[in-house]
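Structure, as C-alpha cells:
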Amino acid sequence: MRNGQVLVKVPASTANLGPGFDTLGMALSLYSWIEMEPVEGNTVVELYGDDLGGIPTDKTNLIYKVAQMVFAEAGVDMPELRIAMYSDIPLTRGLGSSATAIVGALVAANALSGGKLGEDELFQIASRLEGHPDNVGASLFGGIVVSSWDGERAEKVRLEPHADLEVLVAIPAFQLQTEKARHALPAKLDLKDAVYNVANSSLLVAAFASGRLDLIPFAMRDKLHQPYRAPLVPGMSVILERATEHGALGAALSGAGPTLLALVDRKSARKAELEAFLLDTLRAHGIEAETKWLTPDKRGPELTAGAAGNQGSFMERIKGEVNA
Ligand SMILES: Nc1ncnc2c1ncn2[C@@H]1O[C@H](COP(=O)(O)OP(=O)(O)O)[C@@H](O)[C@H]1O
Ligand SMILES: N[C@@H](CCOP(=O)(O)O)C(=O)O
C-alpha cells in the first residue's frame, strides 16, 4: 500500500453520439476531481460542489465501493479511506457522471495499491460496473472511444478527435436517470432500423477516423434509441431535426439524456445562432437549460500523487483548475 494522497482529474463523457448506442463515447472538457488517501480511524467521504446533494457520504458511496473492489482484485488489505470529490459535471443529465466516479475511483485506488491493475483490467471492471462500455471507455482513455462489450469482455479502439471539433451542450434543468431512459426502449427493433443504425454508426466512426467532418450530418442520425426517448425530453425532436440548419455538424441526445449535444466546426461563424436555437427551442417546450461550449478531452484521467497530510484544503489544491 502506497502512503500519501492521490488526486485524479477525470473527464465527463457523451455516449452514443447518435447512432452508436452503447458503443461510441467521447470525453469532454468538463471534469471531476477525486482525492483518496488511506487514514487511521474511520472512512470519510467529503463532497464539494453544488450538484452532489443526495450522494451518500458513508461506505455505501460508489467511489468507496469501487475502491473496495480494486483493493480486493489487487490482493491488498482494504484501508480506511478519506475520499474527497469535487465535480463540475451535473448529475443524471447524460454527461456520464457515474462513469466518471467509477473511473476516478478505479484509477485512484489502483495507484494507492501500487498500480497492480493495468488499463485493460480497469476498463473491464468499469464496463462491468457501468453495464455498458461507452462512457467509461471515453473517461478512461480520453478522445473518441469505439467499444464493444459482450457481457464478459470489452474491446476498444481510441480515435484522436479532429482538431476542429467543438461541442455545444444544452443541459436541461431536470434530471433523467439513465435507468429510466433505458426502460423507454423497445425490446425488439425493425430490421430496417437496425440496418440504418449499423450503417450510420459505422460511417460515423469512419468519418471520425478519416477526418471527414462533412459526413457527420448524414452519419449522426439514429433510429435505435432517440425516437423512443424523445417524449422524455420536450423539444428534443425539433433540435435533432433542425440543428444542422442552424450551423451544427450534427446533433444528438447526450447519453441517455436529457442533455442535448451538437458537434460544431470550431471555425463556424454561426455559434451564437446555434446556441440561441437550442435554448429557444427548449424554452418553447417549457424547458429551462444551461449551455456550455466544450471541446473533446484528449488526455483521459490525470493522476497526481501528493504527500500524506498535505497542507491546505482539498479545494485549495484543485483551485485554479476548476472552471479553468
Ligand atoms: N461521485 C459520486 N459518488 C457516488 N455516486 C455517484 C457519483 N456520481 C454519480 N453517482 C451516481 O450516479 C448516478 C447518475 O448516473 P446516471 O443516471 O447514469 O447519469 P449520468 O451518468 O448521465 O450522470 C447518480 O444519481 C449517483 O447515484
Ligand atoms: N449508452 C447509454 C449511455 C448512458 O449515458 P449517461 O451519460 O446518460 O449515463 C445509454 O444510452 O443508455
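Glycine is no exception: its Cβ is also placed from the backbone N, Cα and C atoms.
Going by TrEMBL, these are the annotated features:
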- 61-143: domain 'GHMP kinase N-terminal' (DOMAIN)
- Pro90, Leu91, Thr92, Arg93, Gly94, Leu95, Gly96, Ser97, Ser98, Ala99, Thr100: ATP binding site (BINDING)
- 205-272: domain 'GHMP kinase C-terminal' (DOMAIN)
In this structure, the one of the binding-site residues Pro90, Gly94, Gly96 whose CB has the fewest other CB atoms within 10 Å is Pro90
For the ATP site given as Pro90, Leu91, Thr92, Arg93, Gly94, Leu95, Gly96, Ser97, Ser98, Ala99, Thr100, which other residues of the same chain have their Cβ within 8 Å of the site's Cβ centre? Ala12, Ile89, Gly255
Chain-internal residues, separated by at least six, CB under 8 A from Ser98 (ATP binding site): Leu62, Glu130, Asn135, Thr178
Counting other Cβ atoms within 10 Å of each Cβ, which of the binding-site residues Thr92, Thr100 scores lowest? Thr92
Of the binding-site residues Pro90, Thr92, Gly94, Gly96, which ones put their CB under 6 Å from ligand 2? Gly94, Gly96
